[in-house]
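Below: the structure, in structure tokens.
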Amino acid sequence: MKFFVVIVFCAIFLSVSGDSDNMQDTCPTAPGEQSIFFINGYPCKNPTKITAQDFKSTKLTEAGDTDNYLQSNVTLLTALEFPGLNTLGLSVSRTDLERDGSVPFHSHPRSSEMLFVVKGVVFAGFVDTNNKIFQTVLQKGDVFVFPKGLLHFCLSGGFEPATAFSFYNSQNPGVVNIGEVFGIDQEHIKIMTRCLATGSGCRVTDGDEL
């Protein structure tokens, strides 16, 4: 009897915790001005007004602006920017890295991430809950996975700019930037990321050892 109760409980838990299946074939996000209520997600566009353009985006065709201190840019498309993704549990991003570019430690609380390198060399890694770091060098055509919620980073690892695309199993993965949480400036964040990635002893400009 106890075993039966446990089985029933597990079945109920899995059915509640899993994502719901789509109730219709498509559900492009409705424009903001048409939203009159708030839900966990985005309301669907009027079915009579859905077109093929709702499922196409050209926002990742061009490189992002890397003229900044980190010399990098991440362009993320969620269901808000790409209506056709709504209810599909997917999102996508493009990462552009200059020769010394970096995307410092951050996490996605609602999604895992699969990174696919299409140009250059990328040094990427993540830290698990045992504080163990997993890192590797990625070249064109290589794929690397960042588990859900774990801190991760990527750096340009070659002598030329690098480009990678990421795919997420959530239409809104969310981003937690460690530097912004603790008010650490970008210079220190960039140095810390490279120190952890290379395993070398580093010192920041004020002489404090990292």
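Each position is counted from 1, following the chain as shown.
Every residue gets a Cβ built from N, Cα and C, even glycine.
Among Cys44, Cys154, the cysteine that Swiss-Prot records as disulfide-bonded to Cys27 is Cys44. The residues near the Mn(2+) site, meaning same-chain residues not in His106, His108, Glu113, His152 whose C-beta sits within 8 angstroms of the mean position of the site's C-beta atoms, are Ser107, Phe126, Phe146, Leu150, Leu151, Pro173, Val175, in sequence order.
His108 (Mn(2+) binding site) sits 24 Å from Cys27 (disulfide bond), taking the Cα positions as reference.
The number of other Cβ atoms within 10 Å of the Cβ belonging to Glu113 (Mn(2+) binding site), over all protein chains shown, comes to 22.
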